[in-house]
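The compositional bias 'Basic and acidic residues' feature in TrEMBL is assigned to A:557-576. For A:40-207, A:208-542, the entry in TrEMBL reads domain 'Bicarbonate transporter-like transmembrane'. Per TrEMBL, the feature region 'Disordered' maps to A:555-604. Positions annotated as transmembrane segment by TrEMBL: A:61-85, A:119-139, A:146-165, A:211-230, A:242-262, A:300-319, A:340-360, A:429-453, A:486-504, A:510-526.
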There are 2 protein chains.
Amino acid sequence: MESGTSEPKFAHLGPTHTPKSYTFKGAKGWRRYRLFQPGRGMYHDVKRRLPYYWSDITDAWTYRTFASTIRMYFVNLLPAIAYTLDMTRRTGYFYGINEALFSSALAAMVFSIGAAQPLTIVGVTGLISLFNYTIYDIIKQYDVTLYPSFMAWTGIWAAIFHWIVSFGNYCDYMRYVTDFSSESFGMYVGIIYCVKGVEELVNEFTSVSPTAGFMSCMIAILYFGSVYGLEKLGSSTMWKPFVRGLLADYAYVFTTLFWVGFAHIPGSLEDTHVSYVPIQQAFHTTTGRSWLIDFWNLPAKWIFVALPFGFLVMLLFYYDHNVSSLTAQARQFPLKKPAGFHWDFFLLGCTTFIAGILGLPMPNGLVPQAPVHTDSLTVYETRLDIIHTIDGEDEDIRRPLVEATAVVEQRISHFLMGLALIGTMTGPLLIVLHTMPAAVFAGVFFVVGWGSIESSGILKRLIYLQSESRFIAPSNPLLTVPRRKIVLYIGLQIFGVAACVAISQTIAAIGFPVLIIALIPLRIVLMPNLFTKKELSVLDALTADGEAVLASLGGRPEMDGEGLKGLENGESRAEEGLNGEDGLRMKRTRSGSAVRQRAGSFTR
Amino acid sequence: MESGTSEPKFAHLGPTHTPKSYTFKGAKGWRRYRLFQPGRGMYHDVKRRLPYYWSDITDAWTYRTFASTIRMYFVNLLPAIAYTLDMTRRTGYFYGINEALFSSALAAMVFSIGAAQPLTIVGVTGLISLFNYTIYDIIKQYDVTLYPSFMAWTGIWAAIFHWIVSFGNYCDYMRYVTDFSSESFGMYVGIIYCVKGVEELVNEFTSVSPTAGFMSCMIAILYFGSVYGLEKLGSSTMWKPFVRGLLADYAYVFTTLFWVGFAHIPGSLEDTHVSYVPIQQAFHTTTGRSWLIDFWNLPAKWIFVALPFGFLVMLLFYYDHNVSSLTAQARQFPLKKPAGFHWDFFLLGCTTFIAGILGLPMPNGLVPQAPVHTDSLTVYETRLDIIHTIDGEDEDIRRPLVEATAVVEQRISHFLMGLALIGTMTGPLLIVLHTMPAAVFAGVFFVVGWGSIESSGILKRLIYLQSESRFIAPSNPLLTVPRRKIVLYIGLQIFGVAACVAISQTIAAIGFPVLIIALIPLRIVLMPNLFTKKELSVLDALTADGEAVLASLGGRPEMDGEGLKGLENGESRAEEGLNGEDGLRMKRTRSGSAVRQRAGSFTR
């Protein structure tokens, strides 16, 4: 099965280096076809990662693991419930809280124990919710009773496609993903989340009362403001780094506890009878069915109708899961342990299969939870950065420079978070969940959605275009690109986002993964005709970067000739330029809602 | 009448210099007593200002006058109505919108035409509202029908005390006012306004419905966010300076139009039936009485009971009006025309008298409207400030430096705003006013109140104390003061504020001017025993500064020996240190809610 490339001796290089034995570069004849070497990527993923397994447990005994567990429990649970509130209403109450918790817990157990990259948090996303209720809308036009087994078969087909992709080494193509499409995807997800937040509030108006609606609006807005404000404080220069760390770690915890309590203050507040998280008996399905779906009773015709749907689920997960995993291993995190995309995608096929036959929403990699997990495990040091001015010492500018010095790479925080999710499935904790008003989840949608929009490179370039030119640093590499080219570039991104948002509002919503994936060939094939290589090297960058990541994807892609070779530096400088326009290098936000900057922001 | 000091020839110095003939320094014998030279200050005020009168009209024909008129109309009208909503409910509907508009229009006419300093905007404040309803609470314990004539006599007595003060040249003592008390006053006013905003919202809950209450909360919060956000954008480096200028000039206008319209959207929003501004027939009193109050029918006993109340009104106006006028002529505005405190306080006595006998809320100088008026007339230029670093040109830091280059000093914007207020008193515009929900005014309270709190030196020093020490510039003069001294200084300020806020919630509220005024002798007499002169020179500064201002107050005070001599520089540097802690010199905000920085922020 080994290709012709020689396997270098790497042991003496220490744990920061990964074996570079896996690549299809230079392969000839039948060896060029990835499917003809099934499982080669998975084999190397496991071989590369297995030596670190014991350290994934022994490295865990630090405070960061504890803080990460608490934070990730909230950051994973709250959005999952938020999406479920929406999904349960729109799928005839088939998918409820118990299914969502089961799915999250299942994914956490499988990926914390078995994944090659346990940093990638896997769970219920807003997009699978969109998927599930769009299929519901389609099926109910024919026979709504088919929905459970149809979804089971969708999951089964999706699992099969996952396995084909992972055995066929097709995750390799993820290395062609650039910020062009991943920024568009981030923006799209952000917009969809904000829309979901609004829908959650509208639901309070229509299904409870205007009073409940207005109170929910108020709570959602204040929830958003609270998390946002606490995170801003957490990235300020107030107090000691320790206190700021607490704010950053527990912004969601404090805010959620406060606003849940607020909604229960007797008087005008409690009397609004806003809706709370609907719960069922512990460990029972929402509809009262048995957990295993009788998928074998679905008529054969429908089994094959489910095939394209399964393919679309795979397509969504191919992009969403792998990009989540990439962002959890982005440049700014000083990771030392290797990645394993093929193996993890195989595992995702397994969870998809189980979720399908048990009637759970299918879990996949979560943005921004996955990068937030890595962030929560990162040891940051706030250094004093003195910029010496020519006017002498008294005029020196002092500002904080946050540096990521290490990441506690381990499996335990993910595993404990999974245990906590299982605990949440028990009766007493379900009752606690039931105290949470839906308005809080609308607030969660706004925080997560706006975090994704605010951190988007699209928005940053828009601000660059709108800025008064004399305040732009002359070293900003964007100045080397004609303005109309930047406009064209953002225009293409916005067109892609708008198309996805538009399609999401229709019954064709399940097609949106095709649109997102289509942005990759658009970028690789079409855009080099519209932009020079130099322009693309300033505007765009590989989303997958770093040798430890690319090792699992078959090595650095050779696209645009030398155009992308200088990308790493070029892009860093571009981001510095964007961030530096207000005279400040962007600080690390340590945000619960998004990882807002790249390594470029930390270095000069 | 002339004192023994010689009058220098000043004509050749041009319009930036004012005659320094007015002072009591070095006066001996009976001449030391200000009351024995009645009207001397007023005489010099008029003599100093009259030569500029014609230029106050001819200088007005610029765009800034137009923008200022529109902006001041909103910035003056909205809070006036906001206070009136509160006052009308709490004075048995004696003071209504028509009275408030009449009072504002009267003040605008008198001060735009007659004042020595027409920049000082005069109108209805929240404090006179507090005063009026506290007196109502007292009077209604005896005989509520006495209230109109009792208020008339309060106004008459207050007017008499105003005239005594202005003829007795007692405004001179305003030169002893330092930031210690004026910051405390600003903080107190800010807190009271926020409390008023909350009360306005609570009123929607109790007197309309919970639905109206929650919707009002939502609108008030979003109104606050909108004005705040537009003003932040207006002080960013986005777009051209022209566009930013529009945002800064019309933030209130845009926001108010939007949210008033929003509240009228048919459906859930309109159905809440939130309360709107209550209006009466144009030019009629709210109670239907005739405009002139039959104050001559008040029993003699009550006439003398009104005397101390009148004294307290004068005390409040003495501080509030003169500090408003001082802040309208603060250091950062490059004013060229002289001030006239004695004459203006005499005029204020006249408006107080008229307001008293007509049953209007008594107008006085407005913070922040007065400084906002000057700000709206100031020609700002955004310069590019390049901080050269030792690392070379590419690492230079570019940031905007906003400079006030000139102020369009004239009477016309004030006069036109007054005409617009008179126009608002007519039937058609009253009906437009009636479309405005009370929630918008709660939002106005929050914007104005928070602006006052945010810009307070108390808050800035609290942030300084909480900041991580290594990010504080070594040139920050606060570092020369022991931390416990700073804590003590802020502690005294906060104690003063807390005492004022506490008394405002009781029937003793009318006594709060005594507390505020008491801070001045506390500062002059007591604090030099607690702090060294050097510490005070870093922590405190004269609120009245600039020769053109001090000329009307009898010259620079000689307090604390040489301690305050270096104040102007020391304080500038202290503020620079406070603002500079995030590595940025604070930008001019051009805020509608407050003038947030001093000249120190503009210079290095």
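The backbone N, Cα and C atoms fix where each Cβ goes, glycine too.
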Inset, instruction - State the residues, same chain only, that lie 6 or more residues beyond the ends of the transmembrane segment (A:429-453) and have a CB under 8 A from a CB inside it; answer 'none' if no residue qualifies. - result: 78-79, 81-82, 85, 97, 186-187, 189-194, 196-198, 200-201, 203-204, 215-224, 227-228, 256, 259-260, 263-264, 274-280, 282, 367-368, 423, 459, 591-594, 596
Inset, instruction - State the non-local partners of the transmembrane segment (A:340-360) in its own chain: residues 6+ outside its ends, Cβ under 8 Å from one of its Cβ atoms. - result: 41-42, 44-46, 48-49, 94-95, 99-100, 102-103, 106-107, 110-111, 114-117, 120, 122, 148, 151-156, 158-163, 165-167, 169, 171, 174, 285, 289, 291-293, 295, 313, 317-318, 321-322, 325, 552-553
Legend entry - Closest-packing stretch to the transmembrane segment (A:242-262), where packing means Cβ pairs under 8 Å, from A:61-85, A:300-319, A:486-504: A:61-85
Inset, instruction - Could you pull out which residues elsewhere in the chain have a CB under 8 Å from any CB of the transmembrane segment (A:146-165), counting only those six or more residues past its ends? - result: 91-92, 94, 132, 135-136, 139-140, 171, 289, 293-295, 297-298, 302-303, 305-307, 309-311, 313-314, 317-318, 345-346, 348-350, 352-353, 355-357, 359, 362
Inset, instruction - Grab the same-chain neighbours of the transmembrane segment (A:119-139) for me: Cβ-Cβ under 8 Å, and only residues 6 or more beyond its ends, written as numbers and ranges. - result: 72, 76, 79-80, 82-84, 86-87, 90-92, 94-95, 100, 103-104, 107-108, 110-111, 146-147, 150-151, 154, 189, 192-193, 196, 309, 312-313, 316, 320-321, 324-325, 328-329, 335, 344, 348, 351, 361-366, 369-370, 372-374, 377, 409, 414, 417, 504, 507, 509-510, 512
